[in-house]
Amino acid sequence: MASTHFQPRVSLYIAVPLSALLFIFALLAFTGLPKWRGDPALGVFSLLRTRDTGLNIIDHRHQTAPRWLYHGLHAGPAMAWCIAIPLQHVDSLRKRSLTLHRLNGYTALAASFIQTVSGVSFLIYGYAYSHKNLLHIHYLSIGGRWIPPFFWPTFEAGLWAYAPVFLFTLVRTVQTARAKNLAQHRTWAVLHTIAGYVIAINRLNLTLLIAWGDLLALLPASVKTYLVGSPSFTDVVDMEISGFAAAAAYAYVISGVWAVSQARKGP
């Protein structure tokens, strides 16, 4: 038997924490943010507020997006996905009950497909938290100067590029399973899982961005002014939209490196 060390795999030490974080963010779609965390008086990067209402993006969507879309087809399936996906990568569970592995796989892949549909619907109906110009390029600026090589596309542009990749890995996972090509199925299941965890890594990046915003609020005024200037409300929103896009863009980069490292182990 070939060693599993040289087969594509998703470590549970990575999968479980990422799933837990994504589950918490999905849960917030139902509960909204705690009042102390949603205070409009919070500084730049600490809130991720919207231009129209000044509310954070989670509470704004909670009030404006249709419940059947935001809760029923997006956050709810995301929570199911967070539970099902790590279970798919428990080798002992798969060996003990192939039937359970298949049923759980159907659940995970169905949740993936539903989230693809709902995610694209968010883009089509204008619910994405993104720059108005789809082709705008964001960049890192400190003290009014660009810090190379850091630049990235808008959140919406990134999602339009990401969605086909996610859907393609989903289709290939299903195709190889139906063809009973187990080696290829394992590879595509791992790649699909990594593609799904792009969103969890995005949430991790957002958590770090918000922590950076909280730290900024504690810095001396002169340091804060040097780093972010003296932004108006509109400037704050623009910076937070840019930071939100960066969290997604660099999640793609991290996941891409992860995917390549595993794909090279494949047959």
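Cβ from N, Cα, C; glycine included.
Per TrEMBL, the feature transmembrane segment maps to 12-33, 68-87, 108-130, 150-174, 194-221, 241-260.
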- Query: Do the transmembrane segment (12-33) and the transmembrane segment (108-130) share at least 3 Cβ pairs under 8 Å, sequence separation 6 or more?
  - Reply: no
For the transmembrane segment (108-130), the distant same-chain contacts (Cβ-Cβ under 8 Å, at least six residues beyond its ends) come to 48, 50, 57, 61, 64-65, 69-70, 73-74, 77-78, 80-81, 84-85, 88, 154-157, 159-160, 163, 166-167, 170, 173-174, 192, 196, 241, 244-245
